[in-house]
Amino acid sequence: MASTLKLFMLLPVILLLLQEAYGTIDVEARGDNFNCNKREGPCSQRSLCECDPNLQLGRHSDQLWHYNLRTNRCERGGYRDNCNSHTSSGACVMACER
């Protein structure tokens, strides 16, 4: 019973710490940087939508699409080697718009 009570009292503190660590869209502020360059390895599911689309990785193409975190929409244009670049509007929507 005493250990359950201690855990119950610690839970709000743990949740507060997690909220501080992951409560922002700014990747650098979160401190959990992930790969945004396709040439450096495979892209994670998060990087497909959360990498800054303005990172100039590779050539720019108006044939590509990227996900804009601010508008929560897929938009035309992207950099070929940026993980947040999709070959079609449909691919971007399927990966990112929920």
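Each residue, glycine too, has its Cβ placed from N, Cα and C.
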Practice prompt. Scan Cys49, Cys51, Cys83 and flag the one Swiss-Prot records as disulfide-linked to Cys96.
Written response: Cys49
Discussion item. Tell me which of Cys36, Cys43 Swiss-Prot records as disulfide-bonded to Cys51.
Written reply: Cys36
Worksheet item: Can you tell which of Cys74, Cys83 Swiss-Prot lists as bonded to Cys92 through a disulfide?
Response: Cys74
Worksheet item: How many neighbouring Cβ atoms, not counting its own, are there within 10 Å of the Cβ of Cys36 (disulfide bond)?
Response: 23
Worksheet item: For Cys96 (disulfide bond), which of the disulfide-bonded residues Cys43, Cys74, Cys83 has the nearest Cα in space?
Response: Cys74
Worksheet, complete the sentence: Reduced DSSP state (H/G/I helix, E/B strand, rest coil) at Cys74 (disulfide bond) is strand
